[in-house]
Every structure is written in structure tokens, then in C-alpha cells.
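Peer 1: One structure is given below, represented as C-alpha cells, and several questions about it will come after.
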Amino acid sequence: NGPYCRKGCQFFDTCGEVCVSGHDSGPVFEEQPSSLIYPEGLPEGKVTLNCQARASPAASYRWRVNGSDVVIREDSHYTLVAGNLVISNPQHGRDSGSYQCFAINRCGTIVSRAANLKFGYLRDFPSESRSPQTAYEGAGTFLACQAPAHYPALSYRWILNEFPSFVQPDGGRWFVSQVTGNLYLANARANDTGSYFCLTTINMDISTKSTFSKAIQLTVQPDANPRKSAPNIRVRFPSETYALAGHTTQLECFAYGNPTPKLRWRKVDGVLPSKVGASADGPILTIPDLSFDDEGMYECEAYSSEGRDTHQGRVSVQAQPEWLQVMSDSEVEISSELHWSCVAAGKPRLIIRWLRNGMPLGTQDRVEVNNGLLKISNLALEDSGMYQCVAENKHGTIYSNAELRVQVQAPDFRLNPVRKLVPAARGGQVKMECKPRAAPKPTLFWSRGTELLTNSSRVTVTPDGVLWIYNISRADEGKYTCFAENYLGKANSTGHLSVRDATKIKLAPSNADINQGENVTLQCHASHDPTMDLTFTWSLNGVLLDLEEPNGHYHRVEGVSAKETIGDLAIVNAQLSQAGIYTCSAQTVVDSAVASARLVVRGPPGPPGGLVVKSVNETAVELRWSRGYDNHSPIGKYVIMGRSEHSHDWKRMRTDPVNIEGNAESARVIDLRPWMDYEFQVIASNILGSGEPSMPSQSIRTKQSAPTVAPSGLGGGGGDRNELIITWTPMAREYQNGDGFGYILWFRKLETPSWTVVRVPNAESSRYVYSNQSLSPYCPFEVKIKAYNSKGEGPFSQIAVVHSAEEEPTVSPRKINATAVTAFEIQVSWEPVQHLSTNGILRGYEIRYWRQHEREAAADRVRTAGLENTARVSGLRPNTLYHVTVLAYNSAGTGPPSPRTTVITKKPPPNRPPGNVSWKTDGSWVTVRWDHVKSMDNESTVQGYKVSDTQAHTSVNLPLPKDNGYVVLEIRSWGEGGDGAAHEIIVSRDSGISVVMTRKNRVNVLSGHTQLHSNTIFNNHVISSHDALRRTF
């Protein structure tokens, strides 16, 4: 253990060894111990508390637990590995507590943060059975978890009947509190009956443990009509919640009620932070990454169709200690004074204390401690060491470390001698510094040769050893020596002053005047001592310019002439912001010379200022403003821009005068809409263009006036019996002209003298319904409308003609005739009704049809669109008797039915295709043969056959394809019942009789060598049943 082994040394003593300046360094922690929760009863386990420090010489380590030394022996369960403390087989009663590590070397001692070793445990639930519970359907209830003893906090879930069937929220009916573990039910249902188990889980640093309770039997008594109830909050978060900044806090809220209450959160004294996310509508409000802005009063509201309930509580944010300012390592000379400060933030208020070499440091003798301030006067060697500032509150403790070295030595120039060569410019000044290492502070003086230098008109020696020489000439060249002395010794250091030619500006930049966007070059030529380098810099209004930016406005123009160096500045695409005083500086290491010039950039005017609105009336306002910068070109005119609350785009306003002169500072804006909110801007312009607009004026509202336009879109019609419906387009906000807005309707029967007048007091209204039992159906009315507001009435609209509601037709069609067309279709005709008898506009006819033995109420319906007096009805059953009736209809409905008629659909066609189909080709013709189809008693008679396909042709006498192609033919019977089933065949140019194979009513011709690359198609060809069963094409 090195220096700590000598008998009589204290725990933190360096045993007299001296910290060597420039070689040794005190300990600095690289790793500190962290708090740990260890599972109680874990067999053969180990805990390692880490501690590592960087130090020279290397640090040794000691540990304390609960303020007492940790003794490490061979038979101890403690082991020290490097600086880490290893605890074997940790036990709760013996090893729990607060541990701190001390790192020590001959430069001092530091102490680590405290690490708490705690033991986690979760006992079992009691073995006794839990009492059963009963609830009534629709009522709220809860099941208590009654968790066993434990550390740290638990998480809770509930199991229904058997694992792993966990209770789910079910739309917010169920809730498991993570504070108490209880299971809450907003309203019970019959199917909630079952056995419930509370499952508790504990999470520790190195393991997890769970246990569950005995079953709690819940029985829900059913109720045919469960009682509804208003929300009643039963889980309430605390009235005061303290939470840590940077951490997450959760507030719980749950309510009984039927129907299930919904939940929502709000911040009473502010806006709910968006970071709460979806939890704002759930039973647990989660606020992550807390900040002091999140402090305030929070409210949970439970609401349903039956009512609402609320609960409020305050969240107070506190904070762990955090450093704002810390001290740093210091080397201070003996007998001087040390001032250190450390500043930390935290809530609640912090306590700050100081340690020296791990021991408490308070006010005594030369030491003064005042919270975060440490002052040590008349420093002595024994004050050297490691110091720590400690800030703490109930949420934590933080440490800041620094090393103090008290210096004592004779003057020494080896590390910081006087500069060997000091160049200076003729006519200028020079500064020569003298900074030896010495403690205590030495006495300093200068000499040139044997002459001791003292203060004069050209020479100044400052108390800290700086030598100044002014108005330098060649005679000042030579050697200068600084002497330093304290009670420990003396030393000196010499430098040589070399006098050079002064730097001078030979061609200074000239003032310039340009327009915005133009280019200009400012010249700057200088002479200097040829033994030194010259550098040019430029500044604008005292701010150094960056001349290296590739796409910037500034570029260097450099060069060398016979006796001078060029450092011009080129300005490209000059903007208004580039105007000002440009200064060229020509610099060497010993002096500099400067010259300046003014650049004027002319451009469009700047924005006018001070825009105010005066004299507001219904359609005009007066604007006043102050002139902005003219940017060196007189303002020629102003334009005024405006926008209303309904338009985000700025547009030019009409003004009085129409053209606003450049010397004006006021104008009237005219043709505004009454009772509208407006903002205005003013833009100045000159011969170089228009400038930026002024800041927008304060929003103003013009005064109210009576409406000036009438509503549009006047019309109407329709509705129920005895109603007149009048409609119009609601007037937009910009045409209402004032509050108290509404509509006045005037209407009267056509060709009658008196008007009915109605007020509709709602700006959003778009219709009015007039009901009168004496109203005739489809009666024409004259209607007009105007708008009104609190200032008066506006003009009338044009008169529109609107009809009252139609009534159903009162007469039915006559002479109904129904004829069977096929087995599946009939044609119906009738004599139309007279339009004048329809109580409105005739829209068309409705055909109703139903089978024999069916009720008329179940009839199928087909409507015609228009005034046709015939229609076909398809999709019928063959050989079936149908009843048919026809009704007229309009927008109000259908009229009375006509007298019914009957019709029988035709028998169906044979459902068998022609058989024994064969064909034979002869050159360009084909002959097809088939057997006759004989109809059955319940089928219609075959009247002929059709040969058809899917693509049209112009003639049946077309030749077969010339390229060995094929044609597709269909053969079917037909009769009054319609077309029968078809055979399909493929015919090629091959000669001879082809064999036909039938499959699923399709006939395919087998020909092994036919090229199927073209497809010639025949139109429908009808063959009478009396023809020979042979047809040649």
C-alpha cells in the first residue's frame, strides 16, 4: 500500500509524501458506484460496486458503508478488486446501506457519490380464501388486490378464471390501478361472473418475480333493465403530486357509470402538453420528460349521456441537483488568496457543502465557506490537495472536484523567457513582456545594457513587468533585459529589439455611389518593410468581412507593383445591406495601416413605418404612415395593399387620391365592404423599383350599414302536401354588412294582389317552409327576397315563380294491354293520362305485375322515365299467368292503379340443342347437317333453326378462309317461346366429313393438322323448320 503503510498515518493521510508539481496529479473518478436492488435470499450471489480513478501516482482505494470503514480481510466476505468492492453472498441485515469509495494518492483524496445497496423482496399472498363478491348488472364495483409485503413498487395485472386469460379494458369498462392494484369495473354485466386473481410482479436489477392471489369469486346478478347512472369518479389521483423534471409521471382516474363513461383530461391553467399523446383520453394520463412548464392544475372529466363528473389535482415539478458552474484545477502562489465558487440548480432548495481530501471543510482561521463560495487567505503549502463541492437535496447529491496546488519557487524564466527577437515598426510602439514563474510574486525591472529603464515620455514599465516603448526610432534597437527577484532567489532574461520600416497606405479607397445589383472595386495599395509579410483585411462598419466565401458578394483583388502591394476589394451584385464604411487594413506582425471609404448603394425604398388606421366609416378608412429610408433615391409613389378576414392574399386597394405621391404620408382607402375586418400594408417605390411592404396595420372593422345586394339563387318547390318551400343561397359574410342579419320573404299566389311577408332571422338559413291547409297542389307563387340587418333593409331580388308541393295523380291510365313476347318477356301498353289531371308534373308510369295466387302487395314494379305509353317487362317465368296494372306517378308519388289485365307467358323453347351435327366442306362451301329437335308438350313448337356466332358479317355466302383458317358456328332451334339451347362447332377448310365431339353443349371439331390462325364469322342465319336439314354456305 505504498505511502499508507507507515505506522501512525491516518485514513486519508498522505504520510508526509509530497505531490510533485508538473509531474503528479490528484485522483479524478472515471467510474463511480451505482445504487442497486439485490434479490433477497439469492444463493451464492455477488454484488460489485465499481470505483476507478485516474491519478499519478496511481490511486489506492478505501470504502465506507453507513459512515463506517469497510474492513477487508482474508476471511471477510468483502473483496477489493482494483478499486471495485465485491460483496459475496450479500445479506439484507448485514450488507444493506449507503456505500462510498475514496480514491487517494499523495496529491489528495476524493470521495465518490453514495451508492445504496437495497434488497428486493415479494412475499406470498395469504393462503386464506378470499371472500366472494356480488354485483348488480349495470352497477360499478371493484376487487381489492391486497398485495403482500414487497420492495420496490409492483406492477399489477388480473387473471380471469385461468392463466393467461388477462382482464382487458373492454372499451374502458375495466381498469387496473397501478397504484393500489385494485381492479375496477365501470358497470357489471352478467358475463363478468367468474374467478379473478390478482397477479403482482416485481422487477429488480438482476431478476423478476411474480405471485398471484387466491381466487376472488365475482357473481353478477342479472337485470333485464339495468339502471342507467351518471359518471362517478372512484379512482382519484392525489390533490398534490410531486414529480421529477426529466422523468415521467402518471395520474390515474376512473369512474363508475352506465353507459360506460368516457374520460378526457385538460390542464386547467394552461394547454395540455401534446407529448401526453393518446393518454389524454384514457384512465392514466402519462406526462413524459417533465419540465417546469408542465406544472399546474390538471382535471379529469368522466362523461356520458347521463351526465359528467370531474376531479382536479396539482402537479408540482421538482428537480435533482444539476451543476450550473463548477470550479477548476488551480495553481496559486504561496501567501496569495484563493476564490472558488460552484453554482447548482435544484428543487427543493439545495444545500452546498465543501470537502478537502474527503473531509468536511468549514469556516476556520484562513478559510471562509459561504454556501457555494470558498475563500482561503494567505495560502500555505498545506492548503494543497483535492477539494470537492457537494450540492444535495432530497432527490440526490452531486460532486464537483478540483485540485489546488500552492506554488513556492525562486524566479525561473526557463518555461517563459523574454522573446529573443522583438520586431517593431519605426514611429510605432512595442510591448515586451516579462513573465517568469515565481512564488511568491517577484519584483520586476528592465535594463538596456547597463542603463536601468524608468518611466519617461517614451518608456513605461508597468507593475506586472510589461515594458512599453513609444515613437520608436532606429536608435532604440538593441538588447533589453528583465530582472526578477523574490526572497528565494533571482533570475533574468534578455531579448533583442529590431526596428523595421513602417507600413503605409499608398492608394486609399475612394468613396463610391452605385445602384443595387451593380459591381464596384475599392482600391487599397500599401508599402511595407520588405523583410516582413503583408496581409490585407477589409471590414464593413467595423465587422471583419469573410473574403473566402465562394459565392459571396466579396472577392480579393491582389497583386504586387514596383514599390507597393495591392489588396483591392471587389463587391459583386451589391445589395442595400452592403452600404456603409469600408476599412482596408494592411498588416504586418509589427504594425498596421488603415484607410476607409464610404459606399452608397441606391435601391428601392425601405418599408414605411408607423402605419396606423384613422377615421373608420362604412366603406372607407384613412391610413397614416411615416416615411421609410429612401435608400438614396427619392420615393416616387406609394401603393396600399389590403386583405380581409376571408382572403389571405394581399391585393391592391382603391385609394383617394388614386395616385399617392412620394411625399405623402396619408391616404384614404375606399370601396371597402361594411362590417368587415381588414389589414393594410403600404409599399413605397422609386425609379429603382418597389420596396418591402410596411408591417401590417392593426386589424380594424369597418362600420355597419344596411345590405346593398339581394340574396341569389331564389327558387324552391317540392315538399309535403299543403306546403310551399322557398329556397335561396345564404349570403356570404362579406355581404351581410352588419349584425342582426336575416332575410325578408315576400310571396303571393300568381295573379293575386296581396303579399305575405315573413322574416327569417338567421344568416345561415337557406329555406323557408310555408304550410297552409288551403294550399292547392302545384299552385304557382310569385316570390321575392331581400336581406336586412340592424342598420336596415337591402334591395329586393328579381321575382321568381315557385310551385307549392305536388300531390299524387288522381286518375289512372286506361286501356291496359299486355302481350306475351316470349316465355320470359311481355309487352305492356296503355292510353296515357291527361297532364292537367296529375296535380303536378307527370314523371312517367309504373307497371306492377304479380303471378296468379300472389298478393298484389308483393307485386314487382318497373318504372318508365318519361311519357312513353309502352314498355317491355323481362325476367318472367315461362308459361305463367301474370296480373298487370299501370299507375301514373309524379314527385309526390303514384296515382290510383288502372284496371288490371292478365297475360300468360309462352311455353319455354326446347332446352336440348340439335343433335348429330356434322359438316362437310366442298371447296369454298360448307354443308352442315343435324337432327330435328322435337318439342315436348310443355315446350313451344320449333319453328326453325338459327346458325349464329359472336361477330357480324355482311353476307351468308362468304367463302371459307383461304389460309386454312376456321369459322365458329352455333346451331339452335327457335320458336315463339324463344331460342333453344345451342351447339357450337368449329369448321375448317379440310375436305371430307368431320367427326363432331360434344362436350357440355359445345361441339369441337377434331382436326390434327388445321392451322387455327384466323377466324371468319357468320351472322345470324335463320332456317325454317320446313327446310331440309341441310344448309350450304
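The backbone N, Cα and C atoms fix where each Cβ goes, and this holds for glycine too.
According to TrEMBL, the record shows the following:
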{"type": "COMPBIAS", "residues": "695-707", "note": "compositional bias 'Polar residues'"}
{"type": "DOMAIN", "residues": "27-118", "note": "domain 'Ig-like'"}
{"type": "DOMAIN", "residues": "126-213", "note": "domain 'Ig-like'"}
{"type": "DOMAIN", "residues": "231-316", "note": "domain 'Ig-like'"}
{"type": "DOMAIN", "residues": "321-405", "note": "domain 'Ig-like'"}
{"type": "DOMAIN", "residues": "411-498", "note": "domain 'Ig-like'"}
{"type": "DOMAIN", "residues": "503-600", "note": "domain 'Ig-like'"}
{"type": "DOMAIN", "residues": "607-705", "note": "domain 'Fibronectin type-III'"}
{"type": "DOMAIN", "residues": "710-807", "note": "domain 'Fibronectin type-III'"}
{"type": "DOMAIN", "residues": "812-908", "note": "domain 'Fibronectin type-III'"}
{"type": "REGION", "residues": "693-716", "note": "region 'Disordered'"}
{"type": "REGION", "residues": "893-918", "note": "region 'Disordered'"}
Peer 1: Taking a Cβ cut-off under 8 Å, which residues six or more beyond the ends of the compositional bias 'Polar residues' (695-707) line up next to it in the same chain?
Peer 2: 607, 609, 611-613, 616-621, 623, 645, 672-681, 731, 735-739, 741, 786-795
Peer 1: Please list the DSSP helix, strand and coil residue counts for the domain 'Fibronectin type-III' (812-908).
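Peer 2: Computed counts for the domain 'Fibronectin type-III' (812-908) are 6 helix, 47 strand, 44 coil.
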Peer 1: Most CB pairs under 8 Å with the domain 'Ig-like' (27-118): which of 231-316, 321-405, 503-600, 710-807?
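Peer 2: Checked against 231-316, 321-405, 503-600, 710-807; highest Cβ contact count belongs to 321-405.
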Peer 1: Give me the mean pLDDT over the domain 'Ig-like' (411-498), rounded to a whole number.
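Peer 2: Averaged over the domain 'Ig-like' (411-498), the predicted model reaches a pLDDT of 92.
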Peer 1: Please work out the helix, strand and coil residue numbers for the domain 'Ig-like' (503-600) from the DSSP assignment.
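Peer 2: Secondary-structure breakdown of the domain 'Ig-like' (503-600): 3 helix, 53 strand, 42 coil.
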